[in-house]
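Novice: Annotated domain 'RRM 1' per Swiss-Prot: 21-104, in sequence order, evidence recorded as sequence analysis. Annotation comment: Swiss-Prot describes K22, K104, K112, K120, K137, K152, K168, K173, K186 as SUMO2 cross-link. According to Swiss-Prot, the phosphoserine annotation covers S85, S189, S225, S259, S324 (among others). Annotated domain 'RRM 2' per Swiss-Prot: 112-191, in sequence order, evidence recorded as sequence analysis. What Swiss-Prot lists as N6-acetyllysine is K168, K173. The feature asymmetric dimethylarginine is assigned by Swiss-Prot to R203 (among others), with a large-scale study or a structure entry given as support. The annotation omega-N-methylarginine is assigned in Swiss-Prot to R203, R213, R238, R350 (among others) on the grounds of a large-scale study or a structure entry. According to Swiss-Prot, the region 'Nuclear targeting sequence' annotation covers 308-347.
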Amino acid sequence: MEKTLETVPLERKKREKEQFRKLFIGGLSFETTEESLRNYYEQWGKLTDCVVMRDPASKRSRGFGFVTFSSMAEVDAAMAARPHSIDGRVVEPKRAVAREESGKPGAHVTVKKLFVGGIKEDTEEHHLRDYFEEYGKIDTIEIITDRQSGKKRGFGFVTFDDHDPVDKIVLQKYHTINGHNAEVRKALSRQEMQEVQSSRSGRGGNFGFGDSRGGGGNFGPGPGSNFRGGSDGYGSGRGFGDGYNGYGGGPGGGNFGGSPGYGGGRGGYGGGGPGYGNQGGGYGGGYDNYGGGNYGSGSYNDFGNYNQQPSNYGPMKSGNFGGSRNMGGPYGGGNYGPGGSGGSGGYGGRSRY
């Protein structure tokens, strides 16, 4: 059927819903099969897809997989019932991360703290609480103000009692709070960002995402693993999310994770330079572990380059998850489990789902 202006939004809506229904399941026993994985997760609802990732040559499990539910409510029910134990092993379920997001700084880091940008002067703590408490139990809310003038800097933090609310919230790029557009991020301290950044230079291969030259690495315990980046690191060879123009875009002096770094060096989220967005203006700096630079540019409402096409959460059977070299199977390469030499270059495939 020929696509029309009416059918395209419907198809996009359907695809976006599917993206929110996918869970990544890490730490699987090598004995776990699709059947046992499906049998376990079907206690929370109907699965539309279930896969255990395997080496294309040996057919040995890589220790992780994906399940896709028929509704977002079923995903929420499954996550609310953690911990999960399959075949005698406690596994790690997480919301699947989009392909475009997977190479960005902190995309796979587990945190309970959420950064909220775009907070206006008329937005108070209770507005944030009313909006975000539907996602999970909130521990603390902070709206950052200027120490001298007392005026709001335009950003704040919401801390939950669990990481899953944060994972769920950041899947949705745009949020409207008190009538204003807001944007959310995982809030990583300077130490956490330095750990993420330093992992790029560690031994072993990369995460299996991003540049297909990575590969050769493991997602879990084993030689040269523990989220260590290879020659191209966690995303591309130019660092974490190079060219990611922060809040409002522009030339930047470090941007949101360009080559100067997302937490160290001159720029980035906790760096000592221009920082989160482009030069000048923005959300100010010098807050606790989060700032030595500015949190963004004065053109926050431009939303930088965030207006992207819908992303694919988790590998899709016809599109796959990342690089362009590994065409060895529908879900590509890379390793998750202990040991092993890793895949041959990320999640393979050029096409989209």
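Cβ atoms are placed via backbone N, Cα and C, with glycine included.
In terms of burial and nearby residues, how do these features look in this structure?
Specialist: Cβ contacts within 10 Å of K22 (SUMO2 cross-link), excluding its own Cβ and spanning all protein chains shown: 23. Reduced to three states, the DSSP call for K22 (SUMO2 cross-link) is strand.
Under the three-state DSSP scheme, S85 (phosphoserine) falls in the strand class. On its own chain, S85 (phosphoserine) has V91 as residues at least 6 apart in sequence with a Cβ closer than 8 Å to its own Cβ.
K104 (SUMO2 cross-link) carries neither a helix nor a strand DSSP state and counts as coil.
In the three-state DSSP assignment, the secondary structure recorded for K112 (SUMO2 cross-link) is coil. Residue environment of K112 (SUMO2 cross-link) contains 17 other Cβ atoms, counted within 10 Å of its Cβ in all protein chains.
Following the DSSP three-state reduction, the secondary structure of K120 (SUMO2 cross-link) is coil. There are 14 other Cβ atoms within 10 Å of the Cβ belonging to K120 (SUMO2 cross-link).
Remark: K137 (SUMO2 cross-link) has F160, D161, D162, P165 as non-local neighbours, by Cβ distance under 8 Å and separation of at least 6 in sequence.
Under 8 Å, Cβ to Cβ, and six or more positions away along its own chain, K152 (SUMO2 cross-link) finds I119, K120, E121, T123, I143, I144, T145, D146.
The DSSP secondary structure for K168 (N6-acetyllysine) is helix. Within 10 Å of the C-beta of K168 (N6-acetyllysine) there are 18 other C-beta atoms, taking all protein chains into account.
Under DSSP, K173 (N6-acetyllysine) is assigned to coil, being neither helix nor strand in the three-state scheme. Cβ-based neighbour count (10 Å, all protein chains) for K173 (N6-acetyllysine) stands at 15.
According to DSSP, K186 (SUMO2 cross-link) sits within a strand segment.
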Novice: Compute the C-alpha separation of K112 (SUMO2 cross-link) from K173 (N6-acetyllysine), stating it in Å without decimals.
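Specialist: Computed Cα spacing between K112 (SUMO2 cross-link) and K173 (N6-acetyllysine) is 18 Å.
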Novice: Within 10 Å of K173 (N6-acetyllysine) (Cα-Cα), which of the recorded positions K22, K104, K186, S189?
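Specialist: The recorded positions close to K173 (N6-acetyllysine) (Cα within 10 Å) - there are none.
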